[in-house]
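Worksheet for the structure shown next.
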Amino acid sequence: MLRLLLLPLFLFTLSMCMGQTFQYSRGWTNGKRSFNAASPLLANGHLHRASELGLTDLYDLQDWSSDRRLERCLSQLQRSLIARNCVPGSDFNANRVDPDPENSAHPRLSNSNGENVLYSSANIPNRHRQSNELLEELSAAGGASAEPNVFGKH
C-alpha cells in the first residue's frame, strides 16, 4: 500500500524537477514577461527582486546618463568638425594639393599625420612622388582635362 502512494509521489516530484530544469535551461523564468523590457538586465531575468528593491529606477537612470553622455560627446565632435572645416575667410579646397604643407598658413588644415608612426612620410619615402606621377598619368590620359577636381563637378 505504501508503494502505491510513494510511486505517484516520486513520479510527480521527478516530473517537477525535470520541468524546472527544462525551463531554466531554455531561459524561461517565472515572471519574465512582467518586467520592464527597457532595461536589458531585467528583461533577461537576472534581477527577480529588482522591483521590490527599487532597482528599476536605478537602471533607468544609468541608461539615461549614458545616453546623455553619448549625445554630449557626439555634439562636441560635430561642433569641432564644423569649426575645423568652416573657418571664415579661408580658401580651403579639399581636392587641391598643398604645395608646401610644412609652411602652410593653416597648419590644422594640412595633413597632421606626421607624428603618427603608421602614416608618417618616413615610412613611405616616395609617397608624394608616386602620387604626383599618377596625377600626371591621369591628366595625360584625360587629354585637355588636367584638373584634379573632375569628379567633384558631377
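Each Cβ is built from the backbone N, Cα and C atoms, and glycine gets one as well.
Values in this document were obtained by computation on a predicted structure and should not be read as measured data.
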Asn30, Asn126, Asn132 - residue that Swiss-Prot labels as asparagine amide:
Asn30
Looking at pyrrolidone carboxylic acid as annotated by Swiss-Prot, pick the matching residue from Gln20, Gln62.
Gln20
Using a 10 Å cut-off, grab the number of neighbouring Cβ atoms around the Cβ of Gln20 (pyrrolidone carboxylic acid), all chains included.
11
